[in-house]
Every structure is written in C-alpha cells, then in structure tokens.
Amino acid sequence: MPPKSKAAAVAAAEPVSVEDLFTTIHRHIQADEFAQAASVADQVLKAAPGDEDAVRCKVVAQIKADEIDKALAAMRAERLPIDLSYYKAYCYYRQNKLEEALDLLRGQEETAAILQLESQILYRLGRMNDCINSYEKLQKFKIDSMDLKINIIAALVAAGRASEVQAAMKALKVDLTTRALRDARSFELAYNSACSLIENKKYSEAKEQLDLSKRIGKEELMVEDYGEDEIEYELAPVSAQLAYVQQLQGQSQEAMQTYVNMINRKSADSSSLAVATTNLISLKGTKDAADSLRKLDRLIEKSTAPNQLQLIENLDFKLSPRQKEALYSARVLLLLHANKTDQAHELVSGLLGMFRDSVFTVLLQAAVHVKEKKVQKAEEVLNQYAAKHPENSTGVLLALAQIAANANHFQLAADSLSKIPDIQHMPATVATLVALKERLGDSNAAASVLDAAIQWWKNSMTEGNKLDVFTREAAAFKLSHGRDEEACVLYEELVKSHGSIEALAGLVATAARTNLEKAEQYEKKLKPLPGLKGVNVEALEKTSGARHVEGPQDMKVDVPEEVKKQKAKKRKRKPRYPKGFDPANPGPPPDPERWLPRRERSSYRPKRKDKRAQVRGAQGAVTREAAVSNAGGSSKGSQTTSSSKTPAANTDQPKASNKSRKKKSRS
C-alpha cells in the first residue's frame, strides 16, 4: 500500500467544520439519501455533542429511511432539553402502537403537524367522530392541501356521515368535475366521493365516479412509467369498489368474476384482497362453505391464545372496523353452516371483546345459541342488549321476535315487535302482530292493533297511504270474529272514501245482518248482473235447491239431423285376410279364449293338492307331538288322533313323487 501523501494527511488531520457538515446533510436530504444524512448527523454530534439541530436531522433522516427502531433508539439515547414527543408519537404510529402515540400527543400545542398526526391516529383507531373534530380544527390553519381534503371526506364516509360529504366539499371548495379532477391529478378524491354516494345509495352516480377515478388513476400512473401489472395493483381498491357497486345493482356474475380474478391473480394489496374475499363469500352464500372457510383462513393468523384474533399482514390496521367486523362475521356464519358450533362459539367470544356494544356481534351470539338449541339463552342475550341500547336495537328486537315466534313464545314475539315505533304501522308488522295475538287467543288485542294502524294512517301525510288496505282488512277481520256492527262502519267508510264495488258488496252483506234498511239502501247502488233479468227470485227461494243423485244419469241431448246424417255416413273398408286364407272355406273357428291366461279359461282344471300335512323345517326334524308320543309309548290310535288335531307329517318317510301323486288321484 503506497504511503499517503503529505497533503492528504494534513487534510485528514484538519477537522471539518460543522457548517460544512450541515451543508452535506442538506445535500443528502435533497437527493433522498437519508441513510447518508443520518451518518453525517452522527459526525456533527461527535463534533458538537447534544446539538439540537443535528439530533432532529438524524431522527428525521432515520424516519425517512424507514429505520423507525433506530430513530426511537436515538431519541432515547440523547438527553436534550428539547421535546421530541411529536417524533416519538409518529414512530409509535408507524409501529401501530396507536394508544401510546395518542398519549404522547395529549397536552401538546395544537399545531398543524400535531393535529394532522392526531387525526391519522384517530382514523386508524376507528374513532371517526374524534378524527373529524381534529380535521375541523385543522381548517383554521387554512391549509390548502388536496391530501387534507381527501382525508376529511374519507373520515366522514367512515363515520357514517356520508350525507354531510356534499356540504363539506362545498366548504372545502372541492370541484368534482372531470376536468378539475384531471388537473388536480387526484383519483383518490373521486374514489372517496364515490364511497359517499354508495353510502347514500346513489349507485349509478357512484359507478360514474369510480370509472372516472380509474381513468384518471391510469393516466397518472402511466405518466410515472408504471407497468400494467403495477397499475392494476395500485388501482385494486377502485376495482373492488366497482365490483361492490355491481353486486349492489344485482350484477352478481360480473362482480363475482372481478373478485375471483383479484384473488387468483393476487393483483391487489392485502386489504383489497380481504375485501374481495369477504364480498365473494357473501355472494356465494352457503354454497361450498368449506372452500369459503379455506379462503378466510388465509387472512387469519393462527393463535394459541384463547379468544385471540389476529389478521395477517397487519390487516388489523389496514381495514376499517366495519370491514373487520364483516370479515369475522362471515367466518362465524360459515362455521355455523358447517356445523362447527364449538369454533363459532369461541370466535364469537373473541368478537364480543373486540367490538363492544356492536349490534351484529350480539346477533351472532344469539345465532350460536339458537344453533346449540339454547333458545332461552338467545332470547336473554337479545333482551339485555335491547334494554341497554334502546336507541340502536331495531335489528335486535326483530331477531328476538323471530326467534321467539319460532319457539312458540308468541307473547314475547309480540312484545318485541311492539317496541319498534318506526315500523309499528307497516303492513307486514301489523299482519304479524295480528297473527301473534290470534295465536294467543286475544282477538280484542288483534282488533286494537288494526284500529291503531287505521288511526295512524288517517293522520299520515306520506305518499302511498295504506288506509284503504288496513280498513278493508280490519273490516274482514271483525266480520269473521262476529263484530258485525264495527265491520259495517268500516265498510261504509270505504264506500264513502273510495266507492269500490268490493266495499259496496261487503257493506250490503254486513248490513244485512245488523241494519236491513241500510242494506236495502246500499243494495240499490249495486249494478245488476247481466243475464239475471229472466230469473224469478221468489220462485228460486221457494225451491229446495239442487239435489245430489247417486249413479250415472242419462242426459238427453237434442242432436241436429245434419249431425246424425254425418255420423251415419261411415266409409266401408274391405276386410284384409291373412296370406293363404280362403274366406269361402275358413275351417274351424278359432278358440275365443286363446288370448286369455290359462287359469282364466273355462277349460282350466286345477291340480289336486296333496292334503297330507307337511312339516317345514330342517332335514330330520321331529314334531313336538311325535316326540312326546314316542317317549310315552302311546298306541297307534292315539297317534292318529293327535295328528288329526295337529297337522304334522312323519318326517321319516320320503315325500311321494309327482308321478305317484297323479296315480293316487286317479284311483
């Protein structure tokens, strides 16, 4: 190795100034060389230990280089008077230690950076309303950032406040026209807007926004020199959402094909694959439950801890709480259909800890109890939730009513339906309540349900009023239960309001039982039926009516002469004889019984049966009577008497052949 030159040795001995080192750090950061920037920051700290700017440069460079552990270690090692809580919180956020990150931000000054990080942490935790509050605080800083607008819309949709998206976009001055989105190069904004439209059930408009998002996304990624596979991978969330819209619009085959292609080709990120898998399973239903379970097992990690659930590839942090709940719920339902009740019970126990106060988890718990034939336990679980959360218990009360009705607990089913005010006067609810009250034998309560529904619809100003339907059904119900006067009043109301023929006929028939004068009055309004003018009603009433006559009766029908002549004219055909047959010399006539079975012919004589009794059994068997007779030494006469009483043949003698039987019968 050649010796170093004198100039090089002098240069090595001379220390580099801190200013030059910071210049080098700045140059590395501008070139996205973050690892080199962190290394130079270490040189600064050697020259100037505890330099605050050097520590910040080192920590930020390590975070940019995705060396989160090294950044945390550096912040722990350096004991400085400066507060690095923001950087620590960001490192915890990157490590998905969300609660620790949020604790570090508490009490900090609400700067734009702090609020942005806080909103991201709250979004990841699923606390959407708190997330929106943080975004609202951010607006006072007047940050005109497209990313901020995208995140605000996403938070509103995830919080179930999609109806507020349009107003929020106007406040943020968001232009959703095609040209504006192309200029802004933001397919994410169009995607989030489509999600809000889906929540508002505007599927056609949502599909247009998703198509636009896909077109803009392709243009953006092609400009950045992405390949076809990379573009497909990046736009997988848009493709999955398009398939979901098709699924909602009833285009099941198209949606299923998209899901299958994404899963088989793995042309999507893990969260999009999880969404595609869950939606595909919902499309397939209970068909091939084993295959659906295998697909879900690829998304769930095996855990030895009881009731502990973990998704693969950090899906716990990539999926929203609603998406995770749908995925786990699909697995529970598949386990129930596969009769794996123990596994379903264990999974539901874990879900109760993960999704506290969730309606769907409680419904799954009740379903498991019903599968285990513990109906009372299921009713108890649903009752407790409904009492604790009355404002969010519509689905729970409906499930409770169904379970109770199937178990013949009619009173509980009726009480559950009566606790849902929103659907109390809907036709299906009223019909179910009336049927339940009738099962309980309380016709008065059933009539009260109908009366309450009629009164509600009388005061209702909604479109599609059902007053005439309920009035007609109530009149028929009361008429069948002997309440003729009440039924008559209802029919009269129907006639005055609608004037239908059916109502008028019902009124006449009902009033004939209670008020004959009214019946005659309304009977005059009925239109006479055609063909009844020549009928003498009084003579018809005096007749005893039609009588049933046994046996077939001859009916005389006048047949026209022309028809008789047509029937008489039949074409005579020349008979066809067999080959070689002479009609002049036909010979003896054939036997008329030649086509009958032999047993049915008059000449048949059955063979005489051998009247001697036979013993059925193994060869050499002896009857009980013969054995007793031989043992007691009885006489021949006694043997004959016993054989006459019990028809048993002597098995020591061989059976006569058919030939000998014929000879005996002839003698």
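Here the Cβ of each residue, glycine as well, is placed from N, Cα and C on the backbone.
Owing to the predicted nature of the structure, the values given are computational and were not obtained by experimental measurement.
As recorded in TrEMBL:
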- 547-565: compositional bias 'Basic and acidic residues' (COMPBIAS)
- 566-577: compositional bias 'Basic residues' (COMPBIAS)
- 591-603: compositional bias 'Basic and acidic residues' (COMPBIAS)
- 632-646: compositional bias 'Low complexity' (COMPBIAS)
- 647-656: compositional bias 'Polar residues' (COMPBIAS)
- 658-667: compositional bias 'Basic residues' (COMPBIAS)
- 562-606: domain 'Signal recognition particle SRP72 subunit RNA-binding' (DOMAIN)
- 543-667: region 'Disordered' (REGION)
Three-state composition of the compositional bias 'Basic and acidic residues' (591-603), taking helix and strand from DSSP: 3 helix, 0 strand, 10 coil
Composition by DSSP (helix, strand, coil) of residues within the domain 'Signal recognition particle SRP72 subunit RNA-binding' (562-606): 10 helix, 0 strand, 35 coil
Predicted model, mean pLDDT over the domain 'Signal recognition particle SRP72 subunit RNA-binding' (562-606): 77
